[in-house]
Amino acid sequence: AMMHIHMYLTFLFYIITLVIRWLIFFQWKDKVEFYRKLHAVAASATVWIATLVIMLPLFSVRYGKSGEYGNTTCFTFQQELKKESVKALNYVIIAAVAAITCVLLGLQVFIILKVVKKLPGSLGSHQEFWAQIKSLMFISVIIICFLPYHLFRVYYIQHMKEKQLGNYNDICLSITAISCLDLLSFVVSGNRFFKQKIIMLRDKLACC
């Protein structure tokens, strides 16, 4: 339950962050921010607490109750997928995540191309360009960590009688936990040494 809650809350926070950045970029909002760090922490904590209070009881009361499962093995709730309502919910979630990811990627690529056309000279020297690269990092985390699990789940739901697929599904689910390292990728993308390497690589490609 916690792995799924973490995945979808992270996905939600990424969407909110990107939408706020885009509102600022298109000048629909001059400034969107919390005035104190404590406010941001409080807002995040409120979302987490509300989700845990609502979702964990639902998981414990409803999920894994329609089949017979052993008490010694984790992640063995495949029998739930035999219910048509559970299948339908999974398909809706998969379609929503895939569609939203495509929209986010398309908009971010459009914005980056717009920035590239607008900025003169070396892109590496412009803060706005690197701000958009950081936004692209959010979408990259979604594509690398979350999308494989959802895309594989379509096949898994249709062929869940194959026992080995359960292990593959668990592997894809475990990959979603790599998103915990997202902060590291943002630090690296904002690092001056990293920026210099990108500029040098671009200059070499230009010379070729």
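Using the three backbone atoms N, Cα and C, a Cβ is placed for every residue, glycine included.
No curator has checked TrEMBL annotations; they are predicted automatically.
Residues or ranges marked as transmembrane segment by TrEMBL: 6-26, 38-59, 91-113, 133-151, 171-194.
By number of Cβ pairs under 8 Å, the transmembrane segment (91-113) is matched best by 133-151 from the list 6-26, 38-59, 133-151. Sequence-distant contacts of the transmembrane segment (133-151), counting only residues of its own chain at least 6 positions beyond either end whose CB sits under 8 Å from a CB of the stretch, comprise 7, 10-11, 14, 17-18, 21, 93-94, 97-98, 101, 104-105, 108, 111-112, 169, 172-173, 175-179, 182, 185-186, 189-190.
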